[in-house]
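Residues or ranges marked as domain 'Major facilitator superfamily (MFS) profile' by TrEMBL: 44-490. Look at TrEMBL and you will find 41-63, 83-106, 135-160, 172-190, 202-221, 283-305, 347-367, 396-423, 435-456, 468-486 tagged as transmembrane segment.
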Amino acid sequence: MEPGTREPLLRKTSSSYQTFPESTVRRLDGEYLRSLHNKRLYLAVFAAVLGNFSFGFALVYPSPVIPALEAHPSPALRLDQHTAPWFGSVFTLGAAAGGLSTMLLNDCLGRKLSIMFSALPSAAGYALMAGAQRVWMLLLGRLLTGFAGGVTSASIPVYISEISHPGVRGMLGACPQIMAVLGSLILYALGKYLGLVLDWRWLAVAGEVPVLAMIILLCFMPNSPRFLLSQGKEEEALRSLCWLRGRDTDYAQEYEQIKDSVRKQSRRVSCAEIKDPFIYKPILIAGVMRFLQQLSGVTCILVYLQPIFKKTSVILKPEYDAALVGLVRLLSVVIAAVSMDKAGRKILLFVSAGVMLVSNLTMGIYICLMPTSHNSTVANQTLVSSANLPAEPTNYITLIPLLATMFFIMGYALGWGPITWLLMSEILPLKARGVASGLCVIVSWLTAFTLTQFFLPVVNTFGLEVPFLFFAVISAGNILFTGCCVPETKGRSLEQIEAFFRTGRRSFMR
């Protein structure tokens, strides 16, 4: 049956999301969701999230590399207590710049082309680090890979949310975080096992592989139907949705709903419209969530994971601890992806923040009360330089920081990691989605830059327990913010979510 033959049904049901759902509409929607073919949708998502794999790989690149560069024989490449913090934090500064550029790229080039564009600075950054002869080349390489990460951070969640349907949007919305975690885990594994026979330069060479795979696969993927409709390309949008849903499904009904939503919105947000709660409320919620996510300390912990474990004298070798934490993080994100469309977003955010609170509090108290003998060797060392010291015999009480970190990462990966990105792409209004997603990424990575830049000086001045106790306070704030401000979007179409913010009627979200 051709799309045109469904016209009477489409006109009757295209606005069904604007009223309280009736049992008949729910039954029809359920039948439609069950009829969809998701293989091509999954392929498009996989092609896009390869950018997140590269992002996760680049983010934790300093963890195994900083110790090697601290001991590098060449003074031109050797990191010290002044350059090491910049090597860890300049990535986030680049990510903020990438988010700023995405405010224009998302609406000018589109979501897919923005993701493809990120391959250029990413490939250049890895090449610079692989062939670095001076510290400034390392820093510039980190800045460029960070810029690419900022672009993908703002573009990929939006692209996935706009090509997905409500039945799988929660699961697919967690895929960027899964791939970022997988990228970090692969980096830890390569740093341990590849480092036995090859030096740190080959880690940068390995980072080029997912970038090239991403850009090749995305050449064959469609653009977002919602973006194409916002550009007036109706036939191309219909073909895109047909490719994503399958020709023998009633995709034309969903197309009319999307078209109706896009038709009601202007192309640009005016200054006067920013005062509209429909615009500023979801942007404010998404921005504060990104701010609180980074204030919880996840970027600092991931970037300086091995030095932290060495500083706390964990019984296992730091590189093994880092790989173990990465594995726990991956499994937790997978659990979140499976349960997100069943348990809901808010309950996972509550559990996530609660686990992070307990973990950070445990870590802070442990460091405060840790016997001096467990830390005697590193007491007068900086966090980074302590990573080069040989391991000392310890007892099993030193498993506490490892377990606390594992639970922190598990808690983060269950909720405040993947769901923050997913909600950003779900609740932002279509007319402001490109600009607002870039704004949220800027907030996120400027916060991350500030934390990673000052993390080492604070640790060296006041002690490692201070930042962890601060992160615990922030985790408590995450619980309050979730309860007061975050809407539940499980099982709701993007059009229903927009209708909720436009009217304030909670019946749209039931």
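Glycine is no exception: its Cβ is also placed from the backbone N, Cα and C atoms.
Please treat TrEMBL annotations as automatic predictions, because they have not gone through curation.
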Recorded stretch, among 41-63, 83-106, 172-190, 468-486, maximising Cβ pairs under 8 Å relative to the transmembrane segment (283-305) | 468-486
The transmembrane segment (172-190) and the transmembrane segment (468-486) contact flag, 3+ Cβ pairs under 8 angstroms = no
Two-stretch contact, the transmembrane segment (347-367) and the transmembrane segment (468-486), at least three Cβ pairs under 8 Å | yes
Where else in the chain does the transmembrane segment (202-221) make close Cβ contacts, counting only residues six or more beyond its ends and a cut-off under 8 Å?
-> 43-44, 46-48, 50-51, 53-54, 57-58, 61, 64-65, 112, 115-116, 119, 122-123, 126-127, 129-130, 141, 145, 183, 186-187, 190-191, 194-195
What stretch, picked from 83-106, 135-160, 396-423, has the most CB pairs under 8 A with the transmembrane segment (41-63)?
-> 135-160
For the domain 'Major facilitator superfamily (MFS) profile' (44-490), the mean pLDDT of the predicted model = 81
May I ask for the residues of the chain that lie six or more residues beyond the transmembrane segment (135-160) and have a Cβ under 8 Å from a Cβ within it?
-> 45, 48-49, 51-52, 54-55, 58-59, 61-62, 69, 76-79, 83, 86-87, 90-103, 105-106, 111-112, 114-115, 117-122, 124-129, 169, 172-173, 175-176, 204, 207, 224, 421-422, 424-425, 428, 433-434, 437-438, 440-442, 444-445
